[in-house]
């Protein structure tokens, strides 16, 4: 990316963008520059349509019979395969259900049961915290297990892996810095020690090409409400490699995971394949919004998404540093595009207040304590002109120091 | 209930019904007699409205900021208190989240941790199966624990309770027979042995008055998609008595259960009160349908609901036995109204086929293997004329033996 980046240049890039037609499928208002799809993906018109059909026709009119006639029971596996296609999983290895946190619980237990005698879980201090909280929960019921963390027990996660480690739980893209790990290399390193790996794809599913099968991954989890645009709190997913299906068990054994749920048997008998990662009755309305959200992906090539994501983030970094560098912003994301996801973080002492001022001006990113401004770039609905305009707004806020106004300092929870 | 039960009599009862005005809040089509609200409650217009607002305005237009401005984060506790009011729980003891199965897992672990050294879980062979499957899952990670069942290890659950028992997991109303247990008496019996109790309210919440605080219950769980009409797979609830809040722990420790979720701390610190029963991000769209569904309850007295429920079920039993007794139907539900919930089950060799024929004629109940026809009576939208008409349809199907037609014998999954 060389040459002058002016309005004409970015408009030319938008005109040539193969994903340009995707934005019209989303409900985004004109003028909104939404750089927070890495927290809550935008709503699609297809999601609205699915939701309305599910509510008014299927629930409202057809009532109980919709469990069969509308395919409600099949949604977890059916949507699982559609998500699976986007993360390099051959059919039958992905199921959509519950939450990322619960799915971490299931996969950690599953991995530990496959590695009896090993007493260590390895993760990273810089993880999105719920991963660590859930690992603590798993350990709380398994005396003798312990948790060792990159950043606490060793500088690099690879240095913590040895024959005592049952499972490594690791984020593909870091939620805060946007740093991308080498999935194939770390998985290989773990397997050399006989250790299994659970990859958390919350910030990579739908953001970049993921090749779970190709990287020989054991388990993966992730959410569907960020880059996949499934809606607020949309159910999460689990991937388990087919080679583990026959022997895998997990303790959240509810009736949806049973081999014959409608036989109403007294004893649990785990269903085949991914069925055994299901537990209770799933929230159908939320699943149906996700079903609609996945439609737009049918026509999208993830390599094209990645190419645009890199261009968007490269340009954003370049423009922010050119136009705002003098105001004390500091890049927190790897400069090497091969080592980052689809987000860029900058640190600034006034990060919270600056973000409030940006949001007030229609540029929506988010803040992570203590001093991070986080910007997500969703290639399906963010364009080059958006990036250009966002940096101009940021520059004005920094140059005028309007962010020091007391009204921007009132804090609320931001996810 | 004496005297002739003819159309004039049931119409007079409908005219005098204090709940008659409730039906207009539901999306039920004219002519449908919906006797399956004990499986999937009917949709309300308020649920549709909430869902549309949540989808189009909050998610679609306001995007990420709706987590704060639309109160999405507060929904689990806020809806919890609204459900709590219907089950005799003072505020701050009920939270809506996840699924019944997962909430059983949490409460069983919580109870076991409060009774260290006790190695037995007691439940009932006739339970809805997921309760037993989850108990198996809990036991799978706690060596030495065992499950003892009413109907397998002893005829009566009371006979299994002694000082070795950590927790009793029991259904308030049986999903199949409709039998109602004496909550206060069984809870008292358990407490005399130092045993805690988890009550499963799936078939009693919204069906009859429940007095968790008054009965000194420890924990309860239940779903919101049956009598509470929250929508297919709507999130479930947990109740924990305030006296346990300070010491209770459960292993599904995700970030929504943390005392400071947005501090992004590395170590888990359980939040106060019911917050610590939360785990991951909740499905907001499904929660919002539930929010709408709860509106109708604001103006409803549960004692009035119970009075009508008993009248509806009494009349149904009487009319079925009068008009259909000669065709081999056999009551499976307690005849004593004080010992049953809001459903009635009849056995018949052709139960499956008869139910298909009923559904084809607009009388919607369900089937439970091997030979049960199950009819649920939701006083908010089922009237006396509905009951009268349903029995007439049943009588015709039995008298004409149309149910023997092969087209009614094709089986599909029915929930």
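Glycine residues also receive a Cβ, built from the backbone N, Cα and C atoms like all the rest.
Annotations in TrEMBL come from automatic prediction, not curation.
Per TrEMBL, the features are:
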type	residues	note
BINDING	B:100, B:101, B:128, B:129, B:130, B:131, B:200, B:203, B:225, B:255, B:281	pyridoxal 5'-phosphate binding site
MOD_RES	B:226	N6-(pyridoxal phosphate)lysine
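Listed recorded positions (B:100, B:130, B:200, B:226, B:281) with a CB under 8 Å from any chain A CB: B:100, B:130, B:281. Cβ neighbours of residue B:281 (pyridoxal 5'-phosphate binding site) (same chain, under 8 Å, six or more residues apart in sequence): B:256.
Here the residue listed as 'N6-(pyridoxal phosphate)lysine' is positioned 13 angstrom away from residue B:200 (pyridoxal 5'-phosphate binding site), judged by their C-alpha atoms. DSSP gives residue B:200 (pyridoxal 5'-phosphate binding site) a strand state. Summarising the environment of residue B:225 (pyridoxal 5'-phosphate binding site), the number of other Cβ atoms within 10 Å of its Cβ, over all protein chains shown, is 27. Counting only same-chain residues six or more apart in sequence, the Cβ atoms lying under 8 angstroms from the Cβ of residue B:130 (pyridoxal 5'-phosphate binding site) belong to B:100, B:101, B:104. On the backbone, the CA of residue B:128 (pyridoxal 5'-phosphate binding site) and the CA of residue B:226 (N6-(pyridoxal phosphate)lysine) stand 14 Å apart. Residues listed for pyridoxal 5'-phosphate, B:100, B:101, B:128, B:129, B:130, B:131, B:200, B:203, B:225, B:255, B:281, cover a largest CA to CA span of 30 Å.
Long-range neighbours of the residue listed as 'N6-(pyridoxal phosphate)lysine' (same chain, six or more residues apart, CB within less than 8 Å of its CB): B:37, B:38, B:39, B:40, B:41, B:202, B:203, B:205, B:206, B:207, B:376.
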